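Asks: Have a look at this one.
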Amino acid sequence: MVLIRVLANLLILQLSYAQKSSELVTGGHPCNINEHPFLVLVYHDGYQCGGTLINEEWVLTAAHCDGKKMKLQFGLHSKNEPNKDKQTRVPKEKFFCLSSKNFIKWGKDIMLIRLNRPVNNSTHIAPLSLPSSPPSQNTVCNIMGWGTISPTKEIYPDVPHCANINILDHAVCRAFYPGLLEKSKTLCAGILQGGKDICQGDSGGPLICNGQVQGIVSVGGNPCAEPRVPAIYTKVFDHLDWIKSIIAGNTAATCPL
């Protein structure tokens, strides 16, 4: 039986923060240093997640990544040897579809963070575009993060790992995740034969399709990267009106039903 797990993992802070922390991409490869200028490291209270910079003042991540004393790192590649243009921010405001304590409402695991001050675009810092249309089945997409690179052991890399996976039919995910509705605002993605997957510490990170952020890492199987056990991603396209309304200043905007 597939256990549904929250993909945020314990982060052991040492010096700036520890290497044993996130959910890394399993079955991937080290990302190129210039491949992820939008990728954000989100950490707090011993936990680590990923996030996506969508403009100089706003970050998308998962609702279950919420916590006190949250910090966000931008322009990060190697944890041990940070880029000179790395920047750190804290949240000014956070917005949810649901309480961060009730995120397991399929498709509601989304958090929009307004930073305490804008980041400065640089060699290793730049936003990722929101989707112009939803991805179709079989689209090849990219996942990335500092999560564990082993499906059964906590082996955390110094640099984020990347992997290509496919958008799958929702029926594949519904077969393994009880309660997942046919029309839930989620994406089902992975590799049917297994071997590549998000894993512990990748929560909140992006699912990137055709150069746009299409999904937010939400939940997956345990262990990671098992055959025919894909992961579930919050579908960004279905939340576009809410995201754009919040950024425009309509903080009372409601999420899609």
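Every residue gets a Cβ built from N, Cα and C, even glycine.
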Asks: From the list CYS162, CYS173, CYS188, CYS199, which cysteine is recorded by Swiss-Prot as disulfide-linked to CYS31?
Replies: CYS162
Asks: Near CYS173 (disulfide bond), which residues of its own chain have a C-beta under 8 A away, given they sit six or more steps off in sequence?
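Replies: Once residues fewer than 6 apart are set aside, CYS173 (disulfide bond) is near LEU180, THR186, CYS188, PRO230, ILE232.
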Asks: Fewest other Cβ atoms within 10 Å: which of the disulfide-bonded residues CYS65, CYS162, CYS199 wins that one? Let me know.
Replies: CYS162
Asks: Work out the three-state DSSP category of CYS255 (disulfide bond).
Replies: coil
Asks: Using DSSP and collapsing to three states, where does CYS65 (disulfide bond) fall: helix, strand or coil?
Replies: helix
Asks: Over the domain 'Peptidase S1' (25-248), what is the model's average pLDDT?
Replies: 93
